């Protein structure tokens, strides 16, 4: 069963890769068509485009690193190639996490209702808040790249001094653990911010939903259904985001203890987030949902 596990998970990875490219590509395409026709895009549409592009990059990086790890090819990559591969992975992962976090803050400020003066101040300046957070996240990216570059330089110096297979393998595992630990630590900040934002948004939606149900008791108020669906989507978003962060954390621990099966399983589950969450974004966005249903109807009609 253990020998069959890599083959099974590889098939799952490829399926997630295809789904992720289709869903994120769909978001980019529909918003691009809308931008060409209207000559303008809303703030949320711009966020969705950049998020979808970063996720496409992340999905490709995960697929490449999967096959490199599967066949132990990463240790044969040159210093420049290794830097390009790891830096691309870090950049795509950074923007995927931070843009999802920024999207959660955007939804919180746009949808939630709180009487706090601080919240109202941020709500009135939502575009500036989003821009400042995005620019601030670049500081984390810069520090992350510096730290990772130090790990790469240290490993290359040791690798050039001893090229035996056993040394290369054991030292590369140590290097990989250091890289994964650094990524986990830098992922903690956007995850914490997103967790707080989603929790506040869920609390606000739940509170508002209860009020609406009391006011329209015995009636099927359309707005109640809209808020219920929004609540379900937000909770699903939170669960997927949390599972992705936990996969990063557990994959680091499993690599530390050299548990290959758990590591591979976490990588597979981790790819489910950037692949599947885009479908939630499509279903939660009226324009994207309408376009998706139209495409689905045309495809179904041709069968």
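Placed from the backbone N, Cα and C atoms, the Cβ positions cover glycine too.
Note that the structure is predicted; figures quoted are calculated from it, not measured.
As annotated by Swiss-Prot, topological domain 'Extracellular' applies to 1-7 (among others). Per-residue confidence over the topological domain 'Extracellular' (1-7) averages out at a pLDDT of 70.
Look at Swiss-Prot and you will find 8-28 (among others) tagged as transmembrane segment, backed by sequence analysis. Here the transmembrane segment (8-28) has long-range neighbours at 48-49, 51-53, 55-56, 59-60, 62-63, 66, 70, 264-265, 267-268, 271-272, 274-276, 278-279, 281-282, 288, 291-292, 295, meaning same-chain residues at least 6 beyond its ends whose C-beta is under 8 angstroms from one of its own.
If one looks beyond the topological domain 'Cytoplasmic' (29-55) by at least 6 residues along the same chain, the residues whose Cβ comes under 8 Å of a Cβ in the stretch are 20, 92, 95-96, 99-100, 102-103, 106, 110, 126-127, 130, 274, 278, 281, 285, 287-288, 291. Under the heading topological domain 'Cytoplasmic', Swiss-Prot lists 29-55 (among others), citing sequence analysis as support.
What Swiss-Prot records for 56-76 (among others) is transmembrane segment.
What Swiss-Prot records for 77-85 (among others) is topological domain 'Extracellular'.
Swiss-Prot lists 86-106 (among others) with the feature transmembrane segment.
Per DSSP, the topological domain 'Cytoplasmic' (107-128) is made up of 16 helix, 0 strand, 6 coil. The topological domain 'Cytoplasmic' annotation in Swiss-Prot covers 107-128 (among others).
For 129-149 (among others), the entry in Swiss-Prot reads transmembrane segment, with the evidence type sequence analysis.
Look at Swiss-Prot and you will find 150-184 (among others) tagged as topological domain 'Extracellular'.
What Swiss-Prot records for 162 (among others) is N-linked glycosylation site.
The N-linked glycosylation site annotation in Swiss-Prot covers 166 (among others).
Taken from Swiss-Prot, the feature transmembrane segment covers 185-205 (among others).
Annotation comment: Swiss-Prot describes 206-232 (among others) as topological domain 'Cytoplasmic', evidence class sequence analysis.
The transmembrane segment feature in Swiss-Prot is assigned to 233-253 (among others); the stated evidence is sequence analysis.
Among the features that Swiss-Prot reports, topological domain 'Extracellular' is placed at 254-261 (among others), with the record citing sequence analysis. Long-range contacts of the topological domain 'Extracellular' (254-261) within its own chain (CB-CB distance under 8 A, at least 6 residues past either end) are made by residues 2, 5, 173, 176-177, 180.
Swiss-Prot lists 262-282 (among others) with the feature transmembrane segment, giving sequence analysis as the kind of evidence. Sequence-distant contacts of the transmembrane segment (262-282) (same chain, at least 6 residues past either end, Cβ-Cβ under 8 Å): 5-6, 9, 12-13, 16-17, 19-20, 23-24, 26-27, 48, 52, 55, 58-59, 62, 66, 96, 100, 233, 236-237, 240-241, 243-244, 247-248, 250-251, 254-255, 288-289, 292.
Residues 93-94, 97-98, 100-101, 104-105, 107-108, 111-114, 137, 140, 143-144, 227, 230-231, 234-235, 237-238, 241-242, 245, 248 of the same chain, all 6+ positions outside the transmembrane segment (185-205), place their C-beta atoms under 8 angstroms from a C-beta of that stretch.
Panel annotation: around the transmembrane segment (233-253), residues 100, 104, 107, 177, 180-181, 183-184, 187, 191, 194-195, 198-199, 201-202, 205, 262-263, 266-267, 269-270, 272-274, 276-277, 280, 283-284 of the same chain, lying at least six beyond its termini, place a Cβ under 8 Å from a Cβ of the stretch.
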